[in-house]
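J.: Before I ask anything, let me first share the structure, which is written out below as structure tokens.
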């Protein structure tokens, strides 16, 4: 009883627990049952008394009292009358909070259609009635009648009649012989008279009997909606409203402003219109007004209700007094400002503050400096409690006074309160989980938050005015999670790639680099030291310097933990760093006995973390930081003008290039090359020149000068130190300072031909300065635009992947994907070892030479395995992948592998989907913000040759080469590859060489590292001849299919193939044929004529009658001129891949292996058929004539070969080559974009996203399931249905996976809450309501929305415990029920209640 007295003012009823939420269409009875009364008047409140009008929109009788426990007229006040209804004003005496919960309703005089079911495409009413939207609107808005009961007349059921037709029919057949209705009543009648079961059966018969392609699809849609109504228990006529619910008044408030005016929610205006029109309609009906007036009023009522539900969906937008569209109920849910995204997924938080950040170098890694003022405010409740407990104050009021006066005891108590109470720091934008971390606060004076320098890279923070927010975790659980999971000391590794993120940068790196320098002939060279004490002494006495070569004794630990000492040749500086190393046998002094660049420091921290654990690494990093800062300060490194060394050979190189470009101009003037080729060559020449000058500059800057007398090395160039150590600046920036700025891009992305020859030291000319302004501006504009794009990409990724949670240890799958090293133009860009680290092997990994097992099946591949894999020369390993994981909901731990942020196997309940989305999205923003860092200087990325990285012997696969007139070996095959094998026959590298390249090596040659093995012209694609002969032209008609363009500048003609379609009646197939001595067309070696069909825009390189040799070029197809490869191409490219859009000029992929045949042309397309080798049907492709087809008649293609160049569409790869190939393609393409920017993301993140893009299966055969052929079904739903079929001995459904873009996949998740809060809210909710969908609340988003713990991390454990507890309760109750008498059970149940 005592408890109840205490809680009178805020009675806490336990929130009802639920496991799922169902949404369906509300019936009129349901709406009435929600309502507390009908609203009859449009009035809101009385303007004099400010009391709500009775029966109005704010009526207290319907919605409840305005003040707590007080009726409107004031007769009953206070608690003792709780629950009494005042006889005078009719208001119940209760809490005013009920005004947020109680609903009312409006009874409509005429039914109206619900606009969502009418207009939200596809129109549900339209589909169900099989009528077009246009016809429906004609009926609803009172233009046409519809026949609902034809009687014996020749009229048809559902036939539309205009007013005149209707009157005519009445005259003709008599008034009572048929019934025709108009407006929503008519539609309601049609919907009510539907027999869904019969309709469904009829449609199924129709689908079975239909012959055309389109009809079944249309019928299937209709069948789906009919079955949805049957299954969900919704009745079709409920889509027409007879009652309109009115939401509680406190959710659409009317607030008095100062000056006697009111601010009101738009909903009140919209409701008022509905009530006014409804009342007027009632009155008109009572008055028996003419039909036309009543009809007009009904139409207006329909429009008013439409505007209330979704303003602007149909017809004009209804605007308020200030011409602003009114916010309807639908607008309250939609978009960034709607209920879902503004209030449910993102909330404002109390116990938080924000301030500017400053650097706190004396803090430990787990600390942050919190201003006292902020702490006092944030921890107020804790302080009050502690003051009370210590007896400093008796009441909260007294405590408040003490705190306000800032008495000395308050500060002592604040210290106690804060001790070991972590706070969370957050820097916006929070792009990945490292954007919020927990720290222990240290009280400081001042008003700025102090941040530890090493966590800056995780927050992406700098101290130029950034602000950060502080949040206080209140409950014990929250504090525990903050400490155990979110403490900055737990986030040493980056979740995207597993590399350390607590890495020194800038000054610290510079200090450590300076410390580890070794110089010749310094004082005291060759001295020997026993320990650090001696070294410090010697430095203090100036007997040695930090960079002297000395011999020092380092005491290490061996594998058994015994100490040993060893003498190293080193420097005092390196000994200082070595002193900080934790003692461990796997962390020897060699780790620091080298020049410490940023990369080396990162490797060192990684080594320490892997072997010595977290605690040691944190202490090590902190000490490293102090050492670095101190030595950077002691070194006093800065740079002046003389440090920017302009290379001596610069002008010589520039002159050489100028001569070269003059030569190209001359070739162009002589007509040897085209304008486009000249442009490409000039740009290329300047690009090479810039690089060579940069190399010269780097040589000169990095050269170590010696004192001629003593031979002592001088101080290294400061700029070089900064760049080489990785502290600041890149070679690209140094090139601009002291080399040559190089080529610039126009805003369009084209490169300007004339480069900037000056550098910043020399200063730019006016012309050069003007050319360079493009890049700078484009950079700034790009940044602004791309930040938004990147944020949107992250949002879509999170939405598609949020359900991927680790839900079981091992799914037991034996499938996986094959991993190989990624080689790009001969360079190994991602080694096999780096790709398989932290993944699980599907099969034993065996060393090829000895047959030893390196990694047993089902074991995770760790660092120590990697060394052996690298040595053994294994080419391919099959590993488990989330793509082939068989877990129903979520993913299993074994398929996922290592948790990159911890370096251990992934924990149960880890939200790997969100981590993947963040890892891919975060650099997106980074990259976009970094576009202009090179100041728009164009970076060319065109290769025209292949060099090998390995020594060995050359093997040529698919060797098909010819010697051309110049005696070069020319590649004639489409799939020729050069393989370099080492002495024991292991393949070291495979280079695909493109058609038309000139080979520099041949079968059996030996090659050295860096030797060029092939080269080609990067600007044109050649068409080569395979036989010798004399040239003849076919269908090359001047002015129709070929134009002789005379270049104005040179006066020389060149022949270009043009599009003959533009000339009427000309069906020309331009080609070059080769004729033998007898004048007949030569035959190719593999049969077929030597006829080369020419694509549009090909430039012909030969003349008729000319004699040429095999391997010579007959025509060239120009490539697009070089554009700068910037991440600008990158971000849209990544989005395009994840959205699975078909590229503009998609490649055409062979679906089967077979022989190519060309058939008759079809209009403006060429017909290409592949006759399969194995037998079966031939496949036909129609290819536009402008596309260059590589193949000749009779060529043999493999399944999956490209028939036409271009970017392949991912859907085709999936259909032809399967899931593994698709995943490999997407992973490689996306990685390429990030790699270009030097961003490292682990493959598994991309795989997680791709898994979610493959959620749906398209059924080839629905078997005996409830699905239809060709329908797209969720993978899990299909598996469940097939299990049911197997149990019943029926035929299961079969299908093939389909690829959906991330937006589409997010909208088709099983959870309608998640989809509705993502995009297209109206459509998602409409569809869910019609289907009577149940949201099982499995994902993260749904649970955040309904305010429960998310089913990941600690929430997953809580869920598990709840499930176990429930099942245990059921068990106990069941056993109790068996043992005792039934009556007893009833009694005990009552007692429990």
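Positions of Cβ are set from backbone N, Cα and C atoms, glycine also.
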J.: Where Swiss-Prot shows 885, 892, 895 binding Zn(2+) 2, which of 689, 811 is named for the same site?
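T.: Looking at 689, 811, the one Swiss-Prot places in the Zn(2+) 2 site next to 885, 892, 895 is 811.
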J.: For the recorded Mg(2+) site formed by 462, 464, 466, which further same-chain residues have Cβ atoms within 8 Å of the site's Cβ center?
T.: 357, 461, 463, 465
J.: Which of the three DSSP-derived classes (helix, strand, coil) applies to residue 892 (Zn(2+) 2 binding site)?
T.: strand
J.: Note the Cβ centroid of 811, 885, 892, 895, the recorded Zn(2+) 2 site, then list each other residue of that chain whose Cβ lies within 8 Å of it, in sequence.
T.: 808, 810, 813, 880, 882, 884, 886, 887, 891, 893, 894, 896
J.: Using the structure shown, find which entry in 86, 89, 885 (the binding-site residues) has the sparsest Cβ neighbourhood within 10 Å.
T.: 89
J.: Can you grab the distance from residue 811 (Zn(2+) 2 binding site) over to residue 73 (Zn(2+) 1 binding site)? Cα atoms, rounded to a whole Å.
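T.: Here the two Cα atoms lie 68 Å apart.
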J.: So if I draw a 10 Å sphere around the Cβ of residue 811 (Zn(2+) 2 binding site), how many other Cβ atoms end up inside it?
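T.: If we count other Cβ atoms within 10 Å of residue 811 (Zn(2+) 2 binding site), we arrive at 19.
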J.: Within the same chain, and leaving aside 71, 73, 86, 89, name every residue whose CB is within 8 angstroms of the centroid of the CB atoms belonging to the recorded Zn(2+) 1 site, in sequence order.
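T.: Going along the sequence, the neighbours come out as 72, 74, 75, 76, 87, 88, 90, 91.
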J.: So among 71, 89, 462, 464, all listed as binding-site residues, which is physically nearest to residue 885 (Zn(2+) 2 binding site)? Use the C-alpha atoms.
T.: 462
J.: For residue 71 (Zn(2+) 1 binding site), which of the binding-site residues 462, 464, 466, 892, 895 has the nearest Cα in space?
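T.: In terms of Cα distance, residue 71 (Zn(2+) 1 binding site) lies closest to 466.
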J.: Rounded to the nearest angstrom, how far is the Cα of residue 89 (Zn(2+) 1 binding site) from the Cα of residue 895 (Zn(2+) 2 binding site)?
T.: 68
J.: Which chain-mates of residue 73 (Zn(2+) 1 binding site) that are at least 6 residues away have a CB under 8 A from its CB, listed by sequence?
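T.: Once residues fewer than 6 apart are set aside, residue 73 (Zn(2+) 1 binding site) is near 86, 88, 89, 91.
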J.: Taking the Cα atoms as reference points, how far is residue 464 (Mg(2+) binding site) from residue 892 (Zn(2+) 2 binding site) in Å?
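T.: If we compare the Cα positions of residue 464 (Mg(2+) binding site) and residue 892 (Zn(2+) 2 binding site), the gap is 44 Å.
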